[in-house]
């Protein structure tokens, strides 16, 4: 099944709810970055959370999320847009712990760390950026996104993200949900939401069992009849890197640096952090870039 995200309203229009299955997308990220179990879970959770923030944006806007904890994984970066395109990378892809956490799951908190920052940069188009930053509160990722939304954007939310990793480090299931209270939600609605959240199985297990974004939202809303589906968006790992972009980056290094590449290295190889694609530049190509540089 292809990955997709569903947007809906629930609780008499008093809550905005999103759910997504991202299994194939996170499989692609795992394959490209050769991530081990804990790194896979952390990257997959971050990418799914970023996907939800991207889905909140207008058509030409983009979101970049960076989680910088004090754990061995190092910084995690993901970006997404309103079209469901998502990419990401983790600084140390090879983190695995033989011990599980107290809940019997991969110890993502230990990998990410419990001290650090979650930063969100919104590219609003026209050269305008908005940056929000909150401290890491748990290192489990979902709770950190929840805290960011409540603190930086003043939106009471609940974000649940999960990745089920097989013993051979391949991805079995991935996805998540996001619920946001809208102005006017009553105490009764809040109580009902809390009750439904408390009985919700873990996201990765629901997806492993074959649940879809629609059925996850129905569980979240307390019944399919209580949902108003608004939109369904395809989700995929997409990277917009290109040789032209890397050429522009090389030009920005300046003539001296490019001359060094030509005379000492006799060429250059650039690798995209997000997708691991590599681009080779010959001496002749570098000479052309040298002419364009200042």
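Keep in mind that glycine also has a Cβ here, set from the backbone N, Cα and C atoms.
The feature disulfide bond is assigned by Swiss-Prot to 239-241, 272-275, with sequence analysis given as support.
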Where residue 275 (disulfide bond) sits in the secondary structure, as DSSP reduces it to three classes: coil
Message: Between residue 275 (disulfide bond) and residue 239 (disulfide bond), how many Å separate their Cα atoms?
response: 6
Field: residue 241 (disulfide bond) CB neighbourhood, other CB atoms within 10 A
entry: 17
- request: Provide the three-state secondary structure of residue 241 (disulfide bond) computed with DSSP.
  value: coil
Task: Measure from the Cβ of residue 275 (disulfide bond) and count the other Cβ atoms within 10 Å, all protein chains considered.
output: 19
Query: In sequence order, which same-chain residues at least six apart have a C-beta under 8 angstroms from residue 272 (disulfide bond)?
result: 239, 241, 246, 278, 279
- prompt: Can you count the other CB atoms that lie within 10 A of the CB of residue 239 (disulfide bond)?
  reply: 18
